[in-house]
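A short write-up of the structure that comes next.
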Amino acid sequence: MNTIWIAVGALTLLGLVFGAILGYASRRFAVEDDPVVEKIDAILPQSQCGQCGYPGCRPYAEAVGLQGEKINRCAPGGEAVMLKIAELLNVEPQPCDGEEQQAAPVRMLAVIDENNCIGCTKCIQACPVDAIVGATRAMHTVMSDLCTGCNLCVDPCPTHCIELRPVNETPDSWKWDLNTIPVRIIPVEQHA
């Protein structure tokens, strides 16, 4: 019985010593992250889609914060994310698709041909925002409100039943282009 207590005491002492060493090492050799990169990474949608040309949101945030990369390359985040990053960095907003000549990119949506879907769930596993629902060997469908059009679900599909299509405007999504509405100013006479 005495040897058990010696073993327990020795293991406890070793745990305390190694814990203290690890605690000291974590503070002594800590790497400080750039707070601007942290804030940019918090603004990005974390979909890890790669449409910006970087393998994920964190590398893109580092490129924007440290290397001066353009702030308009996040397609899933769109204009809202670009404006937040521009405000954070105190820079001028840029067109949200990365191409200066096209100010309003067409929103794309993944569409599944349900007749050809075999229910393999590879598209569900590839979707970074969980916009595809379905079960194994059952029909899958895309929730249009969540789909960012990142194209990551298209390649894994073995039957090639997924394609990206432009989103059609509906009465709910259509917006007035106020610059094309003719406005006529009528002078008003003041009567005393």
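Note that Cβ sites are derived from N, Cα and C of the backbone, with glycine treated the same way.
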Residue in CYS120, CYS127 which Swiss-Prot records at the [4Fe-4S] cluster 3 site where CYS147, CYS150, CYS153 also bind: CYS127
Between the binding-site residues CYS120, CYS157, whose Cβ has more other Cβ atoms within 10 Å than any of the rest? CYS157
If you take the centroid of the Cβ atoms of CYS127, CYS147, CYS150, CYS153, the listed [4Fe-4S] cluster 3 site, which other residues of that chain have their Cβ within 8 Å of it? CYS49, ALA110, CYS123, ALA126, PRO128, VAL129, ALA131, ILE132, VAL142, THR148, GLY149, ASN151, LEU152
Quick check for the class: what is the C-alpha distance, in angstrom and rounded, between CYS123 ([4Fe-4S] cluster 2 binding site) and CYS150 ([4Fe-4S] cluster 3 binding site)? 12
